[in-house]
Amino acid sequence: MMRLLLSTVRGALSWMLLAAILEGISGLLLVPVIINWGSGELTPLLWLIVCSLVSLTVTFIATQKGYLAGGIVMRYLTNALIHHLPISLRPISSASSLVSGPVTHMMAIPAHLLSPIIRGVVTPLTVIMGALLYDFWLGGLLLVIGLALLVILRFSANQVSLAEKQMHLSQQQVVDSLGHFAVHQPLIRRAGISHQEQQSLKQNLTQQYQTQKQLQRRSLPFHLLFSLSIQVTFIGLLAAGLFSVNHNGITLNMWLAGMLLLARFIEPLWLLSHLDQALRQAKKSLNQLIDALSTPELIFMRSSQSPSNNIVNCAELSHFTKDGKQLLKSLNLTFDEKKLTVIVGESGAGKSTLLNLLARLQDPTQGAVYYGDKNIAQLSQEVLCRKRGILFQDSHLFRGSLRQNLMAGSNNIDDREIIEQLNELNINADNALLDADVGSDGQIFSGGQRQRLCIARLLLSHPDIIFMDEPTANLDHINTAAVIEVLRKAIEQTRIVVTHQPMLARQADHIIVMVRGDVIDQGSHDELMARTPWYQQFINGNF
């Protein structure tokens, strides 16, 4: 990928190099103009004017080329990601924000970052080479200053990067604490320990706030170190030059020319101090995209027959992460046709991984999944998508009317059916609401309403097999009961649901209990209550 991206920006890179060199030459041409000021010699001034005009023209072209290259990079990366959507990006964290995040950051590299980086390196080098030709000692001094400033920049950047990593870990702990508190709300409320958990969460948040304050305080000197070094260098040379002028060591014109040359040398270096964080973000974005685009694409048959029935089976199903950690351990399961099967287990037990494999959002490391008599790896994408429907934990509404969202491109659904479905989910709907624009990501609705609307959209598409991941996670008791009732009544469909909600488990036809990637028991609610301690504690809210 890097080779292709470099070839895309090669033209812009050449123009940016030329612009940086001309900028340095323009700075060097200032020296003879100032030294000969008042002598009547116009040749240096003419050379400066010509070089400046050429430099401005080349800079303008380089900027245009940079923006064009940025657009090409975004188009290429977006097309590459589309070839991996919507299936194989599922294992990638934050896959839904790849275009708005990493791709946008990568587009900004040729458009906004390349030119300052090249200027920060090439322009000072051009000034140093010109100074060496004019005066060896002046060029040597600039070279030493440049090397010292680059060492300081590298040191401060490393320290700031280390502090940012520590702050990121601290922030992730906050996110994990909030996520744990939110996901386990049904169990926490049932156990009557909401107040204790809230106090614990507040303590964790306060502790993380203090930790981040300390980390920011520690990193502040390193943020300022490079800028301070540049200012000290400039002030020191300014004072040294004034001292030499006062003692007749150099002429005033020579000192002024030297200060302007120093400013031309230091100004591009100054820009580098402000690019450090942007470069780290660009590197992070590049790594995210490489991870995403290196995920193996799922191969589909061009055409296939539909399965003979809606029974879902998995045989010797195992799955491992990239680093070899086993997430699922040789599972053999059957999900009966037209039954509601619930998968429960502690966080990290492998429930969502199992659901992803059953829906073929990714392929297992070992084993196979069957719909009826067909291995799902042998189904065409059209047949697979028509056969099953999926509700993710992070399902979204898209910009447009509510009717467009719920119909999802189907013309076989009328308003009466939509309104009936919404009413069953405790959403009072009429034609005016169906015509309303939901806003960006459904912002006119609350989080619980968006969750129920996504459930309605799935049910209105009438898939034969339904997969749901935590459909009641953001809902209160009343709306949770409504969703459970809707699922219980969908008796013509095979329903497979991952949940932490004991109330939903009670209503299931079949329950699968998972611990650390394995199935420790399965059966009806009454059977598991009679023999499985983990399930008893789950139902009684003792977690």
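Just so it is clear, glycine is given a Cβ too, placed from its N, Cα and C backbone atoms.
Copied over from TrEMBL:
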DOMAIN    11-269  domain 'ABC transmembrane type-1'
TRANSMEM  12-38  transmembrane segment
TRANSMEM  44-62  transmembrane segment
TRANSMEM  116-134  transmembrane segment
TRANSMEM  140-157  transmembrane segment
TRANSMEM  222-243  transmembrane segment
TRANSMEM  255-275  transmembrane segment
DOMAIN    312-541  domain 'ABC transporter'
Stretch contact, the transmembrane segment (116-134) with the transmembrane segment (12-38), Cβ-Cβ under 8 Å, 3+ pairs: yes
Cβ pairs under 8 Å between the transmembrane segment (140-157) and the transmembrane segment (12-38), at least three: no
Paired segments the transmembrane segment (255-275) and the transmembrane segment (12-38) in contact, 3+ CB pairs under 8 A: yes
Beyond the flanks of the transmembrane segment (222-243) by at least 6 residues, Cβ under 8 Å: 145, 148-149, 152-153, 155-156, 159-160, 163, 249-250, 255, 258-259, 262-263, 266, 269-270, 272-273
